[in-house]
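Participant: Quick one: the structure is below, questions incoming.
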Number of protein chains: 2
Amino acid sequence: MDIARSPLARPFPEMPPIAGVTLRVARAGYKAWDRADLTLVELTEGTSVAGVLTTSACASSEVEMGRDQVKRGHARALVVNAGNSNAFTGLRGREAVEQIVGQVAEALGCGTHEVFVSSTGVIGVPLPKDKARAGVEAALAAEPCGWEDAARAIGTTDTFTKGAGAAAMLGQTRVELAGFIKGSGMIAPDMATMLGYIFTDAAVVPGFLQEMLEKANAATFSCITVDGDTSTSDTVLAFATGKAGNRPLASWHDAGADAFYAALLEVCRELAQLVVRDGEGAQKFIEIAVTGAESDDSARRVGLAIANSPLVKTAIAGGDANWGRVVMAVGKAGEPADRDRLSIGFGGTWAARDGQPLPDYDEAPVAKHLQGEDVRIDVDLGIGSGRATVWTCDLTHGYIAINADYRS
Amino acid sequence: MDIARSPLARPFPEMPPIAGVTLRVARAGYKAWDRADLTLVELTEGTSVAGVLTTSACASSEVEMGRDQVKRGHARALVVNAGNSNAFTGLRGREAVEQIVGQVAEALGCGTHEVFVSSTGVIGVPLPKDKARAGVEAALAAEPCGWEDAARAIGTTDTFTKGAGAAAMLGQTRVELAGFIKGSGMIAPDMATMLGYIFTDAAVVPGFLQEMLEKANAATFSCITVDGDTSTSDTVLAFATGKAGNRPLASWHDAGADAFYAALLEVCRELAQLVVRDGEGAQKFIEIAVTGAESDDSARRVGLAIANSPLVKTAIAGGDANWGRVVMAVGKAGEPADRDRLSIGFGGTWAARDGQPLPDYDEAPVAKHLQGEDVRIDVDLGIGSGRATVWTCDLTHGYIAINADYRS
């Protein structure tokens, strides 16, 4: 099935190369397609790594291995296989990953714990070792390529390539960040895992990079949902080569740490939103801002309960300012809330305040707002100071068409 | 919008009257429709009541009041308003309920705590007191009616009337149970709450009736989902008039308690399944049996994670034996599971065993099974003896059409 480019797509940004990062792609032929589907990123010696990986109890071997590797903090290479997720493949799947790691470690003269592997695509089929071996060999011999080539090679059901960059000044030193990501549903017909990678030439010690990535993740990747489904392979990795030459960032007290974090957060937020913008069947991008919650975490859970509600998502698809469905979603979230303090608005207009519809509620500006591509829902719980913003897309016939009409 | 009768509908059963229960309906005119929309059930003196009401933090006044009334254990009347849920209406909504309770209590000469009220329909509009008063008056003066008339009068977006009956022998005494229910999505365009009522002529003390209803609820109403959304008004009430003359059941040790519970469970299960069979846009009825979990509760949560997964539901809609999506749903459930012990089957055929696809897996019988209206998914977690069965329906274009294309 040919899936049209999402109407919410954004152009791939111009991003400068990152010193210490070399991108290469090759065609392993994991599927019968005529495109590169194996990405090999070579990282200079001394590169720090941080990662956030799916908590799924059914994670792939790649994820299990990645969880351990991240703890050691150093990376020399990343390999991404597209077209086969290698999930739910038992020992044979594990062997395929170990083969890739061994092959790359030998070629680059590094430790096996420094070679990261991700796979995305069909599940239950062990990654074919012969294709992987030939693909890695071809990639090692390939000419370096640009960001968009790599972003395209890691894609599966994505309808557009997704990248985001930023820069920060650490004292007198300018550092660059560049990232790319794939994902369209949390899972699509072929397990369209979310895989995101961020690279920087800043020097950051691994533990602090991990701390910053987890913090940024909590406010970005953990705040998006397309269909509430979580892949067995979701992965975000951040690599810091240190080539910019700044004094390594090691804590929030270091000069420039805040500036670097702000840039990292910006890249993570943009990448996360791009995944939502490629949500299966998405016609509208929805931002849900929750305030007045007991805590930030509680606000995020309320926001996700709203974002995951099929009734809210279909109402937005239909351009219907159905705040009753938002009330329902708040009620079911299981978080502290008080019906009589709850306020709900769309696009800056309050529809209900303190548990009651506003007597002078004017639906006209709301109806107009809901005609647009970008929809904003405000929810104030009125009981505390916790706040969070989450992002999702609407639920349309397109989602059903992609996921039900198509036989995987 | 006219919504066609669900293809999964069942005929309304023949059920005998229950001694001590008098059903009446009237037209309050909560909506511009030409049908009865107010149901008044009169219950004989000494009727015990038990109830399970939504845990939503945004529950309606009816639910808040009902939670308190159930604790007192006695009922003389039930009023159900259809067309207006009276949810999220603040003080004015509360006053309307109090008016109904007062009016009925005066007419029947009972305490206000013995008059139960439920409302279902549009939210955010206070129940109009004048219509409610006239409707109750008309109902009080109306001729008694039958089960299906009452089942029809409580409906909103339901596409068919739903009832279930059973009988049990308590020693030499035969007791009857009859119930009816409404609900099609957890919430539909007009907040199609699930409201279920079960009546019996058995004598059961309130505390034990409550214990049995909660136990039956955990295995039935708590095991169904259409879209994972929970209404602000979901309510199940059970009334026992005692007119059969048996010695009142007061504990599991009493003779006949097991037989009565079995009948109650049967009625609850049938009513719960009927709601799923009227799921918005449903084309297939899906039973998900989870075994080998750490506990029964854990099994139920895993089952509901599968049942609520849009990707699983769309796969079934498409007749696709996509066990990878079931793996994903198990993984995200957050319950104890071990990828390498997980087995998944459809219609009695295992597709994957112990974390790997079966080498000799024959998809032909599975494909045939998935063509039918009734689909069965088996999941064995392989780590314990916990088990549960949950029910849901598929996710189709019909769901989107009902919830997005229609402006409420």
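If you go along the chain as it appears here, the first residue is 1 and each next one adds 1.
Even glycines carry a Cβ here, placed using N, Cα and C.
Relevant sequence annotations retrieved from TrEMBL are reproduced here:
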ACT_SITE  B:Thr193  active site, nucleophile
BINDING   B:Thr156, B:Lys182, B:Thr193, B:Glu280, B:Asn403, B:Ser408  substrate binding site
Participant: Give the distance between the Cα atoms of B:Asn403 (substrate binding site) and the residue listed as 'active site, nucleophile', rounded to the nearest whole Å.
Facilitator: 15
Participant: Listing them in sequence order, which of the binding-site residues B:Thr156, B:Lys182, B:Glu280 have their Cα within 10 Å of that of B:Thr193 (active site, nucleophile)?
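Facilitator: The binding-site residues close to B:Thr193 (active site, nucleophile) (Cα within 10 Å), listed in sequence order, are B:Thr156, B:Lys182.
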Participant: In which DSSP state, out of helix, strand and coil, do we find B:Asn403 (substrate binding site)?
Facilitator: helix
Participant: Other Cβ atoms within 10 Å is the metric here; tell me which of the recorded positions B:Thr193, B:Asn403 scores highest.
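Facilitator: Buried the deepest by this measure is B:Thr193.
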Participant: Using Cβ atoms and a cut-off of under 8 Å, determine which of the recorded positions B:Thr156, B:Lys182, B:Thr193, B:Glu280, B:Asn403 neighbour chain A, and list them by sequence position, or give 'none'.
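Facilitator: Out of B:Thr156, B:Lys182, B:Thr193, B:Glu280, B:Asn403, B:Asn403 lie under 8 Å of chain A.
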Participant: Which one is it: of the binding-site residues B:Thr156, B:Lys182, which Cβ has the fewest other Cβ atoms within 10 Å in this structure?
Facilitator: B:Thr156
Participant: Please give me the CB contact count at 10 A for B:Glu280 (substrate binding site), counting all chains in the structure.
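Facilitator: Excluding its own Cβ, B:Glu280 (substrate binding site) sees 29 Cβ atoms within 10 Å.
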Participant: Sort B:Lys182 (substrate binding site) into helix, strand or coil using the DSSP assignment.
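Facilitator: Strand, per DSSP.
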